[in-house]
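Asks: Below is the structure I would like to discuss, written out as C-alpha cells.
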Amino acid sequence: MMGLELRDLSKHFTVRSDRGKATVRAVERVNLGIPEGQTVALVGESGCGKTTIAKLVLKLETPTSGAVTFDGKSLEEMSRKEIKDYRRQVQAVFQDPYASLNPRLTVRRIITEPILAHYKRDRATLNARVAELLEIVGLPPRAADLYPHEFSGGQRQRIAIARALALNPRIIILDEPISALDVSIRAQVLNLLMDIQEKFGLTYLLIAHDLALVEHLSTRVAVIYLGSVVETGESEQIFAAPKHPYTQALLNAVPRPDPDYVPKAAEGFDDTGSALEPPSGCKFHLRCPHAMAVCKTDNPPLIKLADGREAACHLLSGPPPAQV
Amino acid sequence: MTVILAPTPVTVADAPQLPFLVRFRLKGTPWIPILILLLIIVAAMGGESIAPHDPNGLDLGAAFRPPFWQAGGSYDYLLGTDNLGRDVLSRIIAGARVSAIVVLYAIGFSGAIGTMLGIMAGYFGGIVDMIIVRITEIMMAIPTLALALIFTATMDPGLSTVIIVIVLTYWTWYARIIRSEILSLRERDYVAFAKVAGCGPVTIFLRHLVPNIFNTLVVLMTLQVGQVIIFEASLSFLGVGIQPPDTSWGLMLADARQYITYAWWGITMPGIAIILTCLSSNLIGDWLRDLLDPKRRQL
Amino acid sequence: MTAAPLLQVENLQMHLHLRRGVVKAVDGVSFEVHEGETLGIVGESGSGKTMTCLSILRLLPIHSDGRLDGSVKLDGEDLLQLSEEDMASRVRGPKVAMISQDPMTSLNPVYTVGDQVSGPFLYHKLVRTVREAMAAAAQGLRRVRIPSPERRLKNYPHQFSGGMRQRVVTAMAIACSPRLLIADEPTTALDVTIQVQIMNLLRSIQQDSKVGIILVTHDLSIVAGLCHRIAVMYAGRIIETGKVRDIYRNPQHPYTQALLQAIPHLGQKRSRLAAIPGQPPNLIDPPKGCRFAQRCPKRMSVCDDYPPATDLGDRHVVNCWLAAKQ
C-alpha cells in the first residue's frame with residue numbers, strides 16, 4: 001500500500017510508581033491506514049495516546065511491537081538512506097508555535113534547516129526558496145531576517161508551516177495545529193492548511209482533541225480511547241451518527257455556540273481512567289452507560305460495520321453466538 | 001486569500017534592520033564595570049613593575065600608615081601600609097595577578113569539564129547519565145575544606161593546589177546545571193522538529209543545544225568569579241592556599257585580620273577590591289547574556 | 001431589572017507601566033453583574049478580560065507598575081477605595097472569590113487537600129477549631145460532588161485528576177459563600193467530557209446560592225450554554241454586551257459577527273472559514289478610533305473616531321458606528 005499505515009502498532013512505557021515498576025500501554029495494537037490525499041484525524045482526550053502515535057510516525061519513538069509502514073516498508077527495517085528519504089516525505093507542525101521555533105535562529109535559518117539537512121544549495125537558491133515559502137504562508141519577505149519572538153502566535157505557526165513545506169513533503173503530521181492560537185487567528189491558519197493541502201496534494205495526519213476542528217478539517221476519523229482505536233471511518237458518517245458509546249459521549253459533551261444547545265454531561269465520567277491500569281475487558285466499560293456483563297471480561301474487536309466504518313463495541317457485534 | 005501582516009502586538013517587527021554591530025550599540029553597556037575589570041587586568045599583567053613600591057618591601061618604620069586622606073597618611077602610601085610597613089596598594093596590585101590566574105584557570109577548567117560532562121549526561125542519558133550524576137554527588141558530599149587540607153598535606157600548598165581544589169569543587173556545579181538545561185532543551189519541539197527534518201545529532205547539538213545553554217554558562221561563569229576569589233581567600237586565610245612571599249587578596253585579608261581594630265584599611269582595601277571585581281563581573285555577565293539573546297537584544 | 005446590581009464596574013482602567021511604554025490593558029470598561037446572574041466576558045488573549053477580573057480583586061501582576069482607575073462597586077461599596085487590609089480580610093474570599101484556569105498550579109502540592117480547603121474557613125474565622133474546619137472542608141467537597149470527601153481530605157493534590165482538582169479549587173472558592181465568583185477559563189485545561197461537568201457544577205452552585213458569576217473565556221461555545229449575558233472584549237474595551245440570545249442570534253458588532261463565523265463548530269461541513277484578517281492592535285499605542293477598524297470588513301471613515309455606545313434595547317449595547325447610524 002502506498003503512503004502511511006499503522007500495523008498492529010503498540011508502544012508501552014515503563015514507569016516507576018509507588019508500587020514498583022508499571023507498564024503504561026500508551027498505544028495498544030492500533031491498525032490504521034492513512035490514504036494519500038486524505039486528512040485522517042486521531043481524536044481523543046488527553047492521555048489517550050494520540051500524541052504518542054504521532055511521535056511513532058515521526059520516528060521520534062520506536063514501537064514496542066507492530067510497525068509504522070511507509071509505502072509498504074516498515075520504518076524499523078529501513079536503511080539509513082531510506083530513513084533520510086522518509087524524513088523528506090513526512091514533515092510536522094506542532095501545537096505550540098512558541099516552543100517549536102528555536103529562539104536563537106532567524107526565520108531564514110529555521111526554514112532552510114530541513115533543506116540543508118538533505119541538499120547542498122547555494123545562497124541564492126535558498127533565498128529564493130525562502131521567499132517563495134513565505135509567500136505561500138502569507139508572510140512578507142522581510143520576515144526572513146527576523147527572530148521568532150518578533151512574531152505573534154499565528155505568524156509563528158505560519159513560519160512552522162513554511163518550514164514543514166520546505167522539502168515538498170507528501171505527508172504532514174499536524175499535532176493540535178491551532179489549539180494554542182487566538183480565536184480570531186485560528187480560522188486564518190485553518191484556511192491556510194486547507195489551501196496548501198489542495199495546492200500541493202498533501203496528506204494530513206491530524207492530532208486533535210477539538211471535535212469541531214476535526215469535523216471541519218478531516219475526511220477520516222479514528223477515535224482513540226486509552227491507546228486503542230474504538231471507532232474509525234469516514235468523518236461524515238461518524239459525526240452524523242456515532243456508533244461507539246464513547247464517541248457518542250464525546251460528541252454530546254461538546255458545547256456549541258448556541259444558547260439553546262445544552263451539552264450532555266456524562267456524570268459518571270471521571271477523568272481518572274488511565275493507561276497505567278486499564279480495566280479488564282472493554283477499557284471503556286467503567287464509564288459506559290450500556291455496559292453489559294460481557295464488557296467486563298472480553299475486549300471487543302474492531303469490526304467492520306455495514307456502512308464501511310469500524311467500531312469496537314459488543315453492542316455492535318450483535319447478540320453473542322448462541323451456545324450449542 | 002487575504003492575509004495581511006498587520007503590525008504585530010507588542011513587537012518591533014517594523015524596526016529597521018540595522019547592521020549587526022550597530023544593533024548591539026553601546027546602549028546599556030556597563031562602562032564602569034568594564035573599566036574596573038580592565039584596571040584589574042592591567043594590574044594583573046603589570047604586577048610588581050607598575051606597583052609604586054615593592055609589594056614585599058619591609059619597612060617597619062613605616063608600619064600602619066593610614067591612607068592618604070587620614071591624619072598621618074601621605075601620598076607616598078596612597079592606601080596606607082600594613083603591619084610590616086608594606087604598601088597596601090602595591091600588594092593589591094600584586095595580588096591581582098594571583099587572583100586573576102586562579103579565576104582564569106579555575107573557571108576555565110571547571111567550566112570546561114563540568115559543561116562537557118553535563119552535556120554528555122543530559123544528551124546521552126541512561127548509564128552515562130547515571131555514572132556522571134553519581135560522581136557529582138560523591139564530589140559534592142566531600143567537604144571542600146577537607147579536600148583542600150588533604151591536598152595541601154600531600155602536595156605543596158600554593159597556586160596550583162588552590163586551582164586544583166577549586167576545579168575539583170566547582171565542576172559539579174556546571175555539570176548539574178548544564179545537565180538539567182540539556183534535559184529540558186532536548187525535549188523542546190524544535191529539537192524534535194530538527195530530527196523530523198532529517199538533521200543529524202551533530203547539527204542538533206551545535207545548532208539547537210549549545211547556543212541555548214550559552215546564557216546559563218555565561219551567568220554561571222560570571223557568578224563564579226566572585227566565588228572563586230572568595231574561595232581562594234578562604235583557603236589562603238586558613239594557610240592552605242597561597243604562601244608568602246606571594247600574595248593574594250585573600251592572604252591580605254588573613255594577614256590584616258588581627259589588626260582590624262587600629263588599621264582598618266589593611267582589611268578593607270583588599271575587601272573593596274574583591275567586592276568591585278565580583279560586582280563588575282556579575283554586571284558584565286548580565287550584559288553579555290542580554291547581548292547574546294535575540295529576544296533582549298532589540299528591546 | 002430594578003434591583004441594584006451586585007457588582008457595578010464603571011470606566012475601569014488598568015494601565016501597566018512597562019519599560020516599553022504604558023500598556024492600556026483595560027481601557028475604560030463598564031459592566032454590571034446582578035445577583036444570581038452569570039456574565040460571560042469573551043475575548044482573545046490580550047483583550048484584557050483576565051486583567052479586568054484581576055482589577056476587580058485589585059490583584060495586579062507582580063513586577064509591574066500598574067494603575068487602576070474608575071470604580072468597582074460591590075453592593076454599593078467601591079472596592080478601589082478600600083485599604084489593602086480590608087480587601088484581604090473582607091473582600092477576597094468572603095465577598096469575591098476566583099477560580100483560575102490551571103488546576104495544576106492553583107493547589108499547593110505539599111499540603112493535603114484538607115489543609116487547603118479548610119484554609120479559608122480558618123483564615124476568615126468562620127470556625128474556631130481545626131476539627132471544625134476539617135468538617136467544613138468535607139462539607140465543601142461534598143458540595144462540589146467529590147465522592148467520599150472525608151477520605152479524600154487526606155489526599156494530596158497529585159492524587160486528584162484534573163477535573164477533580166478543579167472541583168477542589170471551586171470548593172475553596174465558595175467556602176466563604178462569596179457574593180461574586182470569578183471563573184477565569186475554568187475549563188480550558190480540561191477534557192470535553194469533564195468540561196461539561198464543571199459547567200453544570202457552576203450552574204448548580206449558582207442555583208443554590210444566588211452567587212453572581214463572571215465567566216472569562218475565549219471560547220464562545222462554552223459561554224453559550226451557561227451565561228445569561230455576555231460582554232465581548234476587544235483590545236482592552238468592551239465592544240458589545242447583551243443577553244446571550246441577542247449576542248448569538250443578532251450580533252451587531254462586526255467583530256462579534258466575525259468571531260462567531262471564524263470558529264469551526266460541530267455540524268459544519270468541510271469548508272473554508274471566514275477568517276478575520278490581521279492581528280489585534282498593539283495595546284501600548286492603540287488606534288484612536290474603533291480598535292477593530294483595521295481588521296473590519298465594514299470600515300468607514302467615521303471609524304477613525306471612537307464609536308459611542310448605542311443601546312439597542314433590552315440592555316443590548318454595542319460600540320459601533322453602524323449601529324449608531326441607524
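Every residue gets a Cβ built from N, Cα and C, even glycine.
TrEMBL lists B:31-51, B:98-124, B:131-153, B:159-178, B:217-242, B:262-288 with the feature transmembrane segment. What TrEMBL records for B:96-285 is domain 'ABC transmembrane type-1'.
Tell me about the surroundings of these features in the structure.
Replies: Cβ atoms under 8 Å from those of the transmembrane segment (B:98-124) belong to residues 40-41, 44, 132-133, 135-136, 159, 162-163, 166-167, 169-183, 185-186, 205, 209-210, 213, 217, 220-221, 224-225, 228-229, 232, 242, 246-250, 277 of the same chain, restricted to positions at least 6 beyond its ends.
Counting same-chain residues at least six beyond the ends of the transmembrane segment (B:159-178), those with a Cβ under 8 angstroms from any Cβ of the stretch are 98, 101-102, 105-107, 109-111, 113-115, 117-119, 121-122, 132-133, 136, 139-140, 144, 147-148, 151-152, 213, 216-217, 220, 224, 227-228, 231-232, 235-236, 240-242, 246.
Long-range neighbours of the transmembrane segment (B:262-288) within the same chain, counting only residues 6 or more positions beyond its ends whose Cβ lies under 8 Å from a Cβ of the stretch, are 28-30, 32-34, 36-37, 40, 64, 66-67, 79-80, 82-83, 88-89, 91-92, 95-96, 99, 218-219, 221-223, 225-226, 229-230, 233, 249-250, 252-253, 255-256.
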Asks: Six or more residues out from either end of the transmembrane segment (B:131-153), which same-chain residues have a Cβ under 8 Å from its Cβ atoms?
Replies: 117-118, 120-121, 161, 164-165, 168-169, 171-172, 175-176, 179, 231, 234-235, 238, 240-241
Asks: Mind checking which residues reach the transmembrane segment (B:31-51)? Cβ under 8 Å, same chain, six or more beyond either end.
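Replies: Residues 87, 89-90, 92-94, 96-97, 99-101, 273, 276-277, 279-281, 283-284 contact the transmembrane segment (B:31-51) from elsewhere in the chain.
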